[in-house]
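*Asks:* Residues or ranges marked as ATP binding site in TrEMBL: Lys18, Ser178, Asp179, Ser220, Gly221, Gly222, Met223, Ile224, Thr225, Lys226. The feature substrate binding site is assigned by TrEMBL to Ser58, Asp146, Asn158. For 288-363, the entry in TrEMBL reads domain 'PUA'.
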Amino acid sequence: MAAETSANAKAYKTAVIKIGSNTLTDDEGKCDRAYLADLAHQVARVRREGWRVIIVSSGAIPCGLEALGLPLRRPDDMPTVQAAASVGQRALLAAYDQVFSPYGMLTSLVLLTRRDTADRNAYLHARDTFRRLVELNAVPIVNENDTVSVEQIKFGDNDTLAALVACLANADRVVILSDIDGLYTSNPKTDPSARLIKRVDRITPEILAGASGAGSAVGSGGMITKLTSARVLGAAGIPLVICSGRAEDAVVRSLADDPIGTLFTGADVPHEITPRKLWIALGDSVKGTLLVDAGAARAIVEDGASLLAVGVKNVEGEFEAEDVVDVVDEAGFVIARGLARCSAESMRSGKADIAVHRDELILFE
Ligand SMILES: Nc1ncnc2c1ncn2[C@@H]1O[C@H](COP(=O)(O)OP(=O)(O)O)[C@@H](O)[C@H]1O
Ligand SMILES: N[C@@H](CCC(=O)OP(=O)(O)O)C(=O)O
């Protein structure tokens, strides 16, 4: 496959396609090779239409359990989970290779933990590598490095990882292939009156209130992590489609603007998301919450100002300076995420001046 030069780097669009474990496995919980073959066919089609594709694939753990002949449900002990991920990641990549190579598509493997994008240098390396892989026309298969991930450096779900990869790769669209056919007004598995929402221009408090966690023993994150990812992608101006991975031609339709699932349109005027801001948004875990008054909320959202401590009405959680905190408005809606300039204790004691500097604040609104 010929490598492209950077001179024609804009001749294609980049899609990040995230495939959940439920989508990738059959009813018994085994890797569904027929499904992967259909996926490869679809990827080959969209590539002919000018898309370059990065796949964020779950499924290492179930595929490892299958290969090891272990019961096909998530083990309780971490060493078995991590060993299964190690065996399964290899098996999964072999399965991808088998279905992609007949189309002349070359796969690559990228396994990440939070640590790999945690400092600016590591982040920039990851960004450059993704962009180069896409330029070289490879199909990167990305997953969390479950074999070495421990709690402190875990993304924990591939929805977050997909959003991070999309921002790193400067993607034009993200598709989440899920076990559900889109975002509903509430979880349809527990609420029969839930309705599918076909288009979302803004993620409102009502939409967030209707989202809950994973709906199966295999999936992780559920709709909550998808919506957090959607907000970051929205701020970056990257549209997202969430649809059923099992719907016919799901990938082709999602990239062809043929209505399917739920489309999150993203901001018309994207915020500039610097590497540091992206890391704040997705790279670290949130340690506390700052509830701000209406004036402070307006100042940060409308004027792009820093968050001053006088505007913070309540500080929740115990955090130190440089920890990640959510900024919520008086209704409890998360409007931004940022790095605390000082500890929770100093904010409560009124000693602080700036609570979060604007260069370290990512706005979701
Ligand atoms: N508002 C909602 N709309 C749709 N699904 C929801 C909602 N709230 C929670 N869910 C749950 O999220 C699940 C999808 O996420 P998840 O379990 O992580 O699977 P996957 O990895 O296949 O995407 C759905 O099966 C559903 O049970
Ligand atoms: N990294 C794990 C999957 C984690 C995950 O997010 O799963 P899912 O919610 O099914 O997309 C694996 O490869 O099995």
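Cβ coordinates are placed from backbone N, Cα and C, and glycine is handled just like the others.
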*Asks:* Of the binding-site residues Lys18, Ser58, Asp146, Asn158, Gly221, Thr225, which ones put their CB under 6 Å from ligand 2?
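*Replies:* Only Ser58, Asp146, Asn158, Gly221 meet the Cβ criterion.
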*Asks:* I need the CA-to-CA distance for Thr225 (ATP binding site) versus Asn158 (substrate binding site), whole Å please.
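*Replies:* Roughly 9 Å, rounded to the nearest whole number.
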*Asks:* Filter the binding-site residues Asp146, Asn158, Gly221, Met223, Thr225 down to those with CB closer than 6 A to an atom of ligand 1; keep them in sequence order.
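*Replies:* Only Gly221, Met223 meet the Cβ criterion.
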*Asks:* List the same-chain residues at least 6 positions away in sequence whose Cβ sits under 8 Å from the Cβ of Asn158 (substrate binding site), in sequence order, or say none.
*Replies:* Lys18, Gly20, Val56, Ser57, Ser58, Asn143, Glu144, Ser220, Gly221
*Asks:* Within 10 Å of the Cβ of Lys18 (ATP binding site), how many other Cβ atoms can be counted across all chains shown?
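*Replies:* 30, counting other Cβ atoms within 10 Å of Lys18 (ATP binding site).
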*Asks:* Check the binding-site residues Ser58, Thr225 for other C-beta atoms within 10 angstroms of each C-beta and report the one with the most.
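*Replies:* Of Ser58, Thr225, the one with the most crowded Cβ is Ser58.
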*Asks:* Return the single residue from the binding-site residues list (Asp146, Asp179) that has the minimum number of other CB atoms within 10 Å.
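*Replies:* Lowest Cβ count within 10 Å among the binding-site residues (Asp146, Asp179) is Asp179.
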*Asks:* For the recorded substrate site formed by Ser58, Asp146, Asn158, which further same-chain residues have Cβ atoms within 8 Å of the site's Cβ center?
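*Replies:* The surrounding set, listed in chain order, is Ser21, Val56, Ser57, Gly59, Ala60, Ile61, Asn143, Glu144, Asp157, Leu161, Ser220.
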*Asks:* Rounded to the nearest angstrom, how far is the Cα of Met223 (ATP binding site) from the Cα of Asp146 (substrate binding site)?
*Replies:* 21
*Asks:* For a three-state summary based on DSSP, what are the helix, strand and coil counts in the domain 'PUA' (288-363)?
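*Replies:* Summed over the domain 'PUA' (288-363), the classes give 20 helix, 29 strand, 27 coil.
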*Asks:* Give me the largest Cα to Cα distance among Ser58, Asp146, Asn158, the residues the record lists as binding substrate, in Å as a whole number.
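*Replies:* Among the residues the record ties to substrate, max Cα distance equals 11 Å.
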*Asks:* Just jot down the residues in the same chain as Met223 (ATP binding site), at least 6 apart in sequence, with C-beta under 8 A of its C-beta; none if empty.
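*Replies:* Spatial neighbours, sequence-distant, of Met223 (ATP binding site): Ile180, Leu183, Asn187, Ala211, Ser212, Gly213.
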*Asks:* The record lists Lys18, Ser178, Asp179, Ser220, Gly221, Gly222, Met223, Ile224, Thr225, Lys226 as binding ATP. What's the largest Cα to Cα distance among them, in Å, rounded to a whole number?
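*Replies:* Of all Cα pairs among the recorded ATP binders, the widest measures 16 Å.
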